[in-house]
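Novice: The acetyl-CoA binding site annotation in Swiss-Prot covers V110, Y111, I112, G118, Q119, G120, V121, G122, R123, N150. Taken from Swiss-Prot, the feature domain 'N-acetyltransferase' applies to 26-189.
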Amino acid sequence: MPSSSSHPSTPDAPQRVGVELARCACTVRVVRDDDLPAITAIYAHHVRTGTASFEEVPPDDTEMRARCAKVLDAGLPYLVAERDGKLLGYAYATHYRPRSAYRFTLEDSVYIAPDAIGQGVGRTLLLTLIARCEGGPWRQLIANVGDSGNTASLGLHAACGFVQAGVLKSVGFKFGRWIDTVLMQRPLNAGDTTLPE
């Protein structure tokens, strides 16, 4: 698996990350430049058809490349799942907020290709992402789930050790209706039981 010294590394083998890793016949690896067209297409599908993302116009390939580079340049994990050369989904972490007191908190994003939903890809990606995040100094991982009716994402995060931390009512408006966001949270490493070094 390609890695860089600036990115936390963990083995490719399935790991225990608070819960048992789902069995998915796929390979999880670090993103490569040639993955971006498929990533752009997957995200565009979710922007156009769902409420997981509050974007309403899908970003183009140039914008998606810039976003990916920003994650990697920050030393944060950006992963893809593939099977037989086909990209099934992707997941990455970003800093939760830009102000310095948030420096030990990350936010996750997970998007799955429409024809790979329900195959354990999301769980495999998210658990691997959690393991990568635990390879760094971070202490909390936040999921900002678009739409309180998004049972797939809520269930995925709950299965991976997240708990609901709050609901922001009607903060989005898409497809002619108001949409909530659900904040979910999971500790990384020792969480808040110890002070960071």
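Yeah, the Cβs are placed from backbone N, Cα and C, and that goes for glycine too.
Remember, predicted model here, so these are calculated numbers, not experimental data.
So where do these features actually land, and what's packed around them?
Specialist: Reduced to three states, the DSSP call for R123 (acetyl-CoA binding site) is helix.
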Novice: Cβ-Cβ under 8 Å from I112 (acetyl-CoA binding site), same chain, 6 or more residues apart: which ones?
Specialist: I42, L88, G89, V121, G122, L125
Novice: Restricting to the chain of Q119 (acetyl-CoA binding site) and a gap of 6 or more, list residues whose Cβ falls under 8 Å of its Cβ, or answer none.
Specialist: C24, C26, L88
Novice: Let me know the most crowded of the binding-site residues, choosing from V110, V121 and counting other Cβ atoms within 10 Å.
Specialist: V121
